[in-house]
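**Q** The annotation domain 'G-protein coupled receptors family 1 profile' is assigned in TrEMBL to 39-286. Here TrEMBL flags 25-46, 58-77, 89-118, 138-156, 196-214, 235-258 as transmembrane segment.
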């Protein structure tokens, strides 16, 4: 990226109004981060090890678990590093990487939730044609497409942010490099770029949300036509986990990027929930109400516990 910046390092100031809470936050965030990694790895192992779970729905759930492993890893290691008393400095290239991978993984997840909603739509509305419509080739194209368009969106936003000159202040009033806080440090007029970024960041999740809403409108109509009470309950149960995950993922985007008057403390709190808590909860959301996943998880844990003795 062509950048005439004289700033080579930025200083991450951390979460606003949390002075003298570094040790408490370190223990809390480290626990969440470790639990997130373990939960998503176990879910991946459970799906991969069970042939009964080798279906399109669980294929996309595997991709979501991979994103949930890397998404908190964009900002958490550095945050834990400086909360433990080490340097808060981050190199310019590291800041660029943080912003790119945060939006790449975030956008990929957003597109992935849309694809998962389409998968549920086909499974419930066209059950007899499900395996034909959601073939291995279609699933592969959709999976690659989510990452490709996520990369395009992240590249655009990162280029938009770091084409600006950074020649003076280098203190980032946040716990990682993100668009709103970086624009405040730029040595140029950012009003036009803020409007473009606002439209870009807002348009993508809004479009995905409308597509998801369309899919679930059709799904609800189809479920209501099911005569069996047990059939309706099972169909709603299948979709409820996905809807819960969607709400947990989309609400932070609305609160952080589309609010008229930014609130630093609120933004940081919501961002921490988005970065650590949501990826930690996703394995629980998708496994607690799913008998097949729970059975496969118990099998994996049993093998892990007793394999060394054999």
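Glycine residues also receive a Cβ, built from the backbone N, Cα and C atoms like all the rest.
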**Q** Is the transmembrane segment (25-46) in contact with the transmembrane segment (89-118), using at least 3 Cβ pairs under 8 Å (sequence separation of 6 or more) as the test?
**A** no
**Q** State, in range form, which of 25-46, 58-77, 196-214 has the highest count of Cβ pairs under 8 Å to the transmembrane segment (138-156).
**A** 58-77
